[in-house]
């Protein structure tokens, strides 16, 4: 034996004692990884593993998915419904009936006194599609407020808006399999390895099979930028100029797919006239990307057999977010890269069910991509639900980012927050605090009682979370996948579907309508609404009539459209070149750029950029409590260029104070050449941190805030005092 | 060597005992090594045993079934493509899930080095676990024999049920693979996921990798779609120390200089001649000198006390015994005095105190007796055996000399007839005690000759230990001798002269060692240089104070014969002698707190000693999800 051992030691390997695995889809981001949750002999969810034959993740999971079992019994879970008269009163534990009765009564009282729209509902991208559909039915069909939106306005609204403006409908046209067919990939403001590591892995697998060029547009040298063949370190907020200039070169040099343009688009003339102004020399001065590189990239992209663009918040969270998305669509339309394998405009979505809320929650209209502005849609849904179509507003109401200002002005008196945490996630949270104080009645429905918004709540509904519930998520590539109730809801928490159904009964109108209790029955109802004819005379695009819960699980997720009778879903939209406008043509849009960002100046000399880190999700209500995630960044920090730091005497691992025109925040400085000399980057996950200073100018189309463009200065602070504050701010 | 590539799924047998295989395990998780070389680059055979005749069950969790991996007799290794790692922590979390680890522990960690200037910037992540070395210094160092290098897969596996938590393996490992868990009081480490290997699956971390950076297979095999199997990347310690079973691919060009984001003042510079990167000092905290006296106190405080007390006892006993044997007038007069047995008892007391302190230092003190399990390899075990032998023989010696004491024989006259035997026993046990103490002291020194800790791996450790034995022993001799002489009414001046010279010599020896050490460290260009930089800055003032005191004490005590006849001289001597104790304590505390191991680079929070200390200081560590264990000492 080795090293003189005659008898080797027996080996003891610890494990979690899994005796059973149950199916779910990850409840964090929109990659849509299929997983199995491992249960021990006591039925406790103890671990997870990727489903080996899942088309999305092929057995892989990222750190958040791997540790996800830990969120079910994480600290801060709500266990009982709570009520209080004022926000300064202590909470009283009450029965569900009491909490629901009080909430319905308050909503009714406030609506009677101030009008129907004085109650606002802000939902999420985190709950199940069946729950979104039911919430939409409750809000549109019973409560009747037009101030109803989701927090998707903070992340994907620009993509939605851009898709609608270019193609006539929401719905990402591509899929992950496009990586295996593309000849060039252009990524805008997407840190794929960190934000969507499993999608990055799919890309890496495709690259190892067949090398193709990667171009990354990002002001930070992320790992993705580092691995790119060409990195374009762009000046924040100027993507639209770059895109117009790329199109300029492509049209000027005759590299466009004129046949595709002629056959499938409108608006070439105005578009060409506009991009003509954006010659690379002019664009270079604005974007910081030299003109040769712009031409080089344009030629590379246009000459590739199939080329695709992906983007995330670098585009969406901008004052030109919607225009940026349209400009990416322009680029792909003029190069004929829509609807073909490897050629697409693929927004990489944020939340696990941002797509579900876009499709079915009625936030921006009526279910199934229907519009309030369309009388036929109001009629159809009114009849289906048993609601007088006249009860529906004739046009879409306020976006989430306009709801808060309407509370400020006193137009809205009551707010219902469902699984969202504006106290951390909205820009300029100092203003949000003052706004929430003005509410007469605020309900927070969340799995976590310690979500910061409960400080301003009069009622708290403890919701069940993720795999305690039953239903579906839709992912970035339109794949509908199943979440099954792996464990029983914690304590007296209840699934959101149950809460919506019970609340609906508190209205007379609700008692007359049908609210199915089981998620599969809700899904069957949605299927009925998904069939029909679209605006272009073709069958509806968002068609799920061929799916059912059992089949979805069996296929480990199915992409819509899947019509009744189809064996499986469709990988891509618009493969036939027919778009969702009435004439079936996409629009080439002329998108002039205006310079309206807050930019660094002598008082505030740094760009403030924000974003995610791989180990955290959103406002840390889950990952902040899972040690094996949280330990990788347990406290707020800021990336800063060491050369800039030297000038103002900031040292590595030192606390500094970030100051903007809105407020201040304390962060630890991490000095790295990852960021340019005039920029700092702060992860947005931490409570009372970057969003105390962010501005969030709104995009005119999507009303999405420009989180990533603001100006700050950096000041020295007393280190002991800053450390104390940092400790106090970290309740989790 | 060729084996028939097996189909894990098809090969799987109905078994309740082996790792449960799904019938659709993804291809990337399957081990594939149809071919392998005969010998690795170090010349060692890759097949560690014969597969058919010698291989036996790994006996995992009491399962006697043998796995069906046809390469289970071969040394396996991780392969890491540094070009590809995205730092996503999937490997670390998959490992923590598989092994059910609390947040403050990790068998695998990802850190990084970075360099360049925006936007021409490069960050290289490094994911590192155990390298299951050909020469497992952890196994050799462990006094309890908690480690086994299994001929199956060459896996180096540690058994926490044997471990007593001394943490010595965490000192000797250059890669920070063994993890000392201060909460459980034991070490745990990567187990190569041998349960997965037995059924043909790659380890959990490898199967989880999202950057296609980690891979695993028979050592020296180049994985699919890879071209390099190198043994070095920037930030990775010299592979010559342990002959690690990890191979790298790193083909992208890197900046000449790479820095670490953690608090370790180390950077890496490309050595064009050698073709790889070498560590260098990164003067993160400038060149200002500080006291930082509270930071002298560390987890290793018990070892400061153990080594000092044991060296004092060894020195005292040697001086007493050898002095008496060689007929030194002063010492002989102590040897025949009633104080002599008490002096030997003082030696015993000091050693017992030292051993008690070193036992307290263990994570599981109740298992102290396991410290002698690995006499074959471990200097710790031999040190323990030497010191224990010294205690036993010095104890016998004390009994023998006690039996010859006149006052005892007055009380028990029968003893007188054994005077001859007692004298012989005293001489024999004294010689054996000296021999044992020499063994103990030598292995105490060998314990710190750790290649992964260049600050210690120097002759200065010997100069210091021998020097301390002389000057602390000399001080103890002066103490007991004074009592003896005062009882006799004799002058203590000759004693103080003798002890002063002995102590001055010891101090001079340590001073010489320190001078040579500083010179070596400055020239070494390794982590030792970094330690010395910290010594001269963070502890700069403390260091100067100790050096000044040392010179003063050495000179003053060597000159003792000139002034100890006067009362004021005695007082001066006393002041110098006490200052020498201060020199010893500061010096030994510095010895422990300064050492910078050749560990892997950390990240900004995780595996950053600076942040860990900050989290403890401000109370963040009280939250378990921060992954930092609060202060325990």
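The backbone N, Cα and C atoms fix where each Cβ goes, and this holds for glycine too.
Taken from TrEMBL, the feature domain '4Fe-4S ferredoxin-type' covers B:76-106 (among others). Broken down with DSSP, the domain '4Fe-4S ferredoxin-type' (B:76-106) shows 9 helix, 6 strand, 16 coil.
Outside the domain '4Fe-4S ferredoxin-type' (B:120-152) by six or more residues, the chain places 40, 42, 44, 48-49, 54-55, 58, 67, 72-73, 75-78, 80, 82, 85-87, 91-92, 95, 107-114, 158-160, 162-164, 166, 168-169, 171-178, 187, 189-190, 192, 194, 205, 213-214, 233-236, 241-246, 250, 252, 254-255, 258, 367, 370-374, 377-381, 384, 450-452, 600-601 with a CB less than 8 A from a CB of the stretch. The feature domain '4Fe-4S ferredoxin-type' is assigned by TrEMBL to B:120-152 (among others).
Taken from TrEMBL, the feature domain '4Fe-4S ferredoxin-type' covers B:154-183 (among others). Beyond the ends of the domain '4Fe-4S ferredoxin-type' (B:154-183), by six or more residues, the same chain brings 48, 74-76, 102, 104-107, 109, 128-134, 136-148, 189-192, 194, 197, 219, 236-238, 241-242, 244-245, 299, 361-365, 367-368, 370-371, 373, 378, 380, 447, 450-453, 597-600, 607, 629, 632 to within a C-beta distance below 8 angstroms of the stretch.
Annotation source TrEMBL lists transmembrane segment at B:303-326 (among others).
Taken from TrEMBL, the feature transmembrane segment applies to B:338-363 (among others).
Taken from TrEMBL, the feature transmembrane segment covers B:384-402 (among others).
Counting same-chain residues at least six beyond the ends of the transmembrane segment (B:422-443), those with a Cβ under 8 angstroms from any Cβ of the stretch are 310-311, 313-314, 317-318, 321-322, 325, 379-380, 382-383, 385-390, 392-394, 396-397, 400-401, 403-404, 415, 465-466, 469. The transmembrane segment feature in TrEMBL is assigned to B:422-443 (among others).
The annotation transmembrane segment is assigned in TrEMBL to B:463-486 (among others).
What TrEMBL lists as transmembrane segment is B:492-516 (among others).
Taken from TrEMBL, the feature transmembrane segment covers B:548-566 (among others).
The transmembrane segment annotation in TrEMBL covers B:572-595 (among others). Away from its own ends, the transmembrane segment (B:572-595) comes close to residues 295-298, 300-301, 303-304, 307-308, 453, 455-456, 461, 464, 468, 471-472, 475, 478, 496, 500, 503, 507, 510, 514, 531-532, 534-535, 539, 542-543, 545-546, 549-550, 552-553, 556-557, 560, 563-564 of its chain (Cβ-Cβ under 8 Å, at least six residues beyond either end).
Touching of the transmembrane segment (B:303-326) and the transmembrane segment (B:548-566) is ruled out by the presence of fewer than three CB pairs under 8 A, sequence neighbours closer than 6 excluded. As a summary of secondary structure, the domain '4Fe-4S ferredoxin-type' (B:154-183) carries 5 helix, 6 strand, 19 coil according to DSSP.
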